[in-house]
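Student: Pasting in a structure now, in structure tokens, and then I'll have a few things to ask.
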Amino acid sequence: MAAEAWLWRWGWGWGQRCPGRPGLPGPGPSPTTFLHLLLLLGPVAADITDGNSEHLKREHSLIKPYQGVGSSSMPLWDFQGSTMLTSQYVRLTPDERSKEGSIWNHQPCFLKDWEMHVHFKVHGTGKKNLHGDGIALWYTRDRLVPGPVFGSKDNFHGLAIFLDTYPNDETTERVFPYISVMVNNGSLSYDHSKDGRWSELAGCTADFRNRDHDTFLAVRYSRGRLTVMTDLEDKNEWKNCIDITGVRLPTGYYFGASAGTGDLSDNHDIISIKLFQLTVERTPEEESIDWTKIEPGVNFLKSPKDNVDDPTGNFRNGPLTGWRVFLLLLCALLGVVVCAVVGAVVFQKRQERNKRFY
């Protein structure tokens, strides 16, 4: 198990990510080292490769050289709003006020397990806290629907990863830029005034703006586990940002990216999107499920992430969710039962004591 864990960490740092990032600099294991690993840990490596092998899905990927430069569309992808295609990047918004742009994949994705690598850049002339608003990455039922959430629609169905660069809530203790995750079945609204805290599942601070080197984000969804990692330090190493279990996402949704600016602005660029299929063994019962009928959601005993920032990570001042109401009612009922039992015992003893005086 120790060898397997070490090889897994090695895979995250170098081997597994390299197929999706062939141009990144940085040292890696030499062929001799890799050969020794295969000889010493052959069974472990074989199990990992067979269980989680990766395959680039070009029909869901955006890779240079782009086709359709200078036009408003390209094969497999549709543009909207201020989006502009150049030979080096797809610019969702320029560094100008009141702009919205998005890019959406033509093809619905029917993969149950996948990993997406996004090469992006957010930059502009604005100084600290005088820029905005950020990029959203989507896996949703609807596409090409403009709206107030980073250039796309609110009350969406599916998954959103927000790369937020501006703190709208002046009372927040968070450090921006900030990456957060939201899963929605259409019933939740993203609250910009609170930077989405009411509906956020998890998040992390990530200093990705105005970097003088490449910045990357990885999103992995496999067997209900959603993981978000970043590579922002030009070290060719993934750093953990978000890790959530119990996430339910259907198949047949669309991948996309959008951005928006308001009174403050930035350039929001997508350089590449690469989607990999993860081959994962499943039981016959899992294979028999109609994954297109699954409703987006998360198995949570607590409300989504802190609605009021708490350095300890505890939930404070959150809304009364169904579980909270149930637990409160259960505690109240137990309290009533305990009081009733204690009262009955005390009453009975008093009655017995009174009988002795007659």
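Glycine is treated like the rest: Cβ placed from N, Cα and C.
Sharing the record's features from Swiss-Prot:
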- S98, D133, Y166, P167, N168, H192, G262, D263, L264: carbohydrate binding site (BINDING)
- D164, Y166, N168, D195: Ca(2+) binding site (BINDING)
- C204-C241: disulfide bond (DISULFID)
- 54-278: domain 'L-type lectin-like' (DOMAIN)
- N185: N-linked glycosylation site (CARBOHYD)
- 1-46: signal peptide (SIGNAL)
- 47-324: topological domain 'Lumenal' (TOPO_DOM)
- 348-358: topological domain 'Cytoplasmic' (TOPO_DOM)
- 325-347: transmembrane segment (TRANSMEM)
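Show me how these features fit into the structure around them.
Tutor: Proximity of N168 (carbohydrate binding site) to non-local residues of its own chain (separation of 6 or more, Cβ distance below 8 Å) is seen for H192, S193, K194, D195, given in sequence order.
Long-range Cβ neighbours of C204 (disulfide bond) (same chain, at least 6 residues apart, Cβ-Cβ under 8 Å): Y178, I179, V228, C241, I242.
Taking the domain 'L-type lectin-like' (54-278) as a whole, pLDDT averages 95 in the prediction.
Note on N185 (N-linked glycosylation site): other Cβ atoms within 10 Å of its Cβ, all shown chains, come to 15.
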Student: Calculate the distance in Å between the alpha carbons (Cα) of Y166 (carbohydrate binding site) and N185 (N-linked glycosylation site), and round it to a whole number.
Tutor: 26
Student: Counting only other Cβ atoms and using a 10 Å cut-off, which of the recorded positions C241, L264 scores lowest?
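Tutor: If we count Cβ atoms within 10 Å for the recorded positions C241, L264, the smallest count is at L264.
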Student: Counting across all protein chains shown, how many other Cβ atoms sit within 10 Å of the Cβ of D164 (Ca(2+) binding site)?
Tutor: 23
Student: Write out, in the order they occur in the sequence, the residues of the chain not among D164, Y166, N168, D195 that have a C-beta within 8 Å of the mean position of the C-beta atoms of the recorded Ca(2+) site.
Tutor: G132, D133, G134, T165, P167, D169, F176, Y178, H192, G196
Student: What same-chain residues, at least 6 away in sequence, bring their CB to under 8 Å of the CB of G262 (carbohydrate binding site)?
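Tutor: Listed in sequence order: R97, S98, G132, D133.
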Student: Work out how many Å separate N185 (N-linked glycosylation site) and D164 (Ca(2+) binding site) at their Cα atoms, rounded off.
Tutor: 22
